[in-house]
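Enquirer: First, the structure itself, so that you have it in front of you.
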Amino acid sequence: MNLLDTLQRGLADLDAQGLRRVRRTADSACDAHMTVNGREIVGFASNDYLGLAAHPKLVAAFAEGAQRYGSGSGGSHLLGGHSRAHAKLEDELAGFAGGFSDAPRALYFSTGYMANLAAVTALAGKDATIFSDALNHASLIDGTRLSRATVQVYPHADTATLGALLEACTSQTKLIVTDTVFSMDGDIAPLAELLALAERHGAWLVVDDAHGFGVLGPQGRGALAAAALRSPHLVYVGTLGKAAGVAGAFVVAHETVIEWLIQRARSYIFTTAAPPAVAHAVSASLKVIAGDEGDARRAHLAALIERTRALLRRTRWQPVDSHTAVQPLVIGSNEATLAAMRALDAHGLWVPAIRPPTVPAGTSRLRISLSAAHSFDDLARLETALLRASEEAA
């Protein structure tokens, strides 16, 4: 059997299991109301939590950045591609998200995946031990694999088991890595307990705040600020393509850690820098996030979250206890989840079906992503369609 035959059989297996993914094509800007595949829909699929992806100030800043710096960076950060826009943004990010450190410095990456790979692989070598939450994002998992370190996976948010594993560990370098807001459940890691364990056992805590940055904490400064945590043993990864509404990611840590990443993080060194216009737009986004408008958007999002939590409890399915913009509704089988997704789609609602391997088998779910761009009328429309789909599935 040749490779094409093998791949075709694999695709057929995915079809049979209800696991093949299908892309939809957006014909308009990311917003609550969009044109997708030629249809007008209300989208509950994006991670645009503050509704900034089409914000006029960010769009104008993007255009201004392109006029000033051009359309591309022209090279990697270490070989000619590092612009004044990148440098300015890194200084701003260190000040905005680095309150946990006495000497914070930031490093900008093109994607969150690359930032997580860098943070894990550059800090943990083959003689280290990494302790990873069982529900961590794939990018953290891939980072642990590429690091060649010993990896201990602890049950989700189980600090007792983690403590026992740390107690038994003899490695000189120990890293605890965790999402802050877990992307498919919406719950928040016990960060204060994790940091206490890290400091007790001489470990470092690496947190991926992809779904918390811009939303959690005072002025949206993130999960560490929300928990009022400070320590020199923290490494913070934030994403700029979700609540910030643009693209890219960053790592904030003690200045020595960041200098090490510049010298040794392969996902930073061996890739072309993001266009400076992107960094220029992120700088504009930070001003919105930290200002009165950002506060108003977070307050509206919080009200939407509470309304949605009440709605999900009225269905026949199993909501996850989430107080974040990620509101999952566990249905179970792939087939039933796809049927519910199609029922919502028939009402002009885009709510994605999340299936294995993204979530464990038997826990396929609808993942409702809320945005400050949504209105209560949008939620009322979701309520009508979701309750009808729930009744029809009974």
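Glycine is treated like the rest: Cβ placed from N, Cα and C.
So Swiss-Prot has the following annotated:
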type    : residues                               : note
BINDING : ARG21, HIS137, THR358                  : substrate binding site
BINDING : GLY112, TYR113, SER183, HIS211, THR239 : pyridoxal 5'-phosphate binding site
MOD_RES : LYS242                                 : N6-(pyridoxal phosphate)lysine
Enquirer: List the Cα distance (Å, whole number) between TYR113 (pyridoxal 5'-phosphate binding site) and HIS137 (substrate binding site).
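Expert: A Cα-Cα distance of 9 Å.
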Enquirer: Including all protein chains shown, what's the count of other C-beta atoms within 10 A of the C-beta of GLY112 (pyridoxal 5'-phosphate binding site)?
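Expert: Result for GLY112 (pyridoxal 5'-phosphate binding site): 24 neighbouring Cβ atoms inside 10 Å.
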Enquirer: Nearest to HIS137 (substrate binding site) by Cα, among GLY112, SER183, HIS211, LYS242 (recorded positions)?
Expert: SER183
Enquirer: Would you list the other residues of this chain near pyridoxal 5'-phosphate - those whose C-beta lies within 8 angstroms of the C-beta centroid of GLY112, TYR113, SER183, HIS211, THR239 - in sequence order?
Expert: ASN47, ASN116, HIS137, SER139, ASP208, ALA210, GLY241, LYS242, ALA249
Enquirer: For LYS242 (N6-(pyridoxal phosphate)lysine), just count the other CB atoms lying within 10 A of its CB, please.
Expert: 28
Enquirer: Please report the number of other Cβ atoms within 10 Å of the Cβ of THR358 (substrate binding site).
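Expert: Neighbour count, Cβ to Cβ under the 10 Å cut-off: 15.
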Enquirer: For ARG21 (substrate binding site), just count the other CB atoms lying within 10 A of its CB, please.
Expert: 9
Enquirer: When you tally the Cβ atoms that lie within 10 Å of each candidate's Cβ, which of the binding-site residues (SER183, THR239) has the highest tally?
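Expert: Counting every other Cβ within 10 Å of each candidate, the maximum falls on THR239.
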Enquirer: Given LYS242 (N6-(pyridoxal phosphate)lysine) and SER183 (pyridoxal 5'-phosphate binding site), what distance in Å do their CA atoms have, once rounded to a whole number?
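Expert: The separation of the Cα atoms works out to 12 Å.
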Enquirer: Among HIS137, HIS211, all listed as binding-site residues, which has the most CB atoms within 10 Å of its CB?
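Expert: Comparing the binding-site residues HIS137, HIS211, the most crowded Cβ belongs to HIS211.
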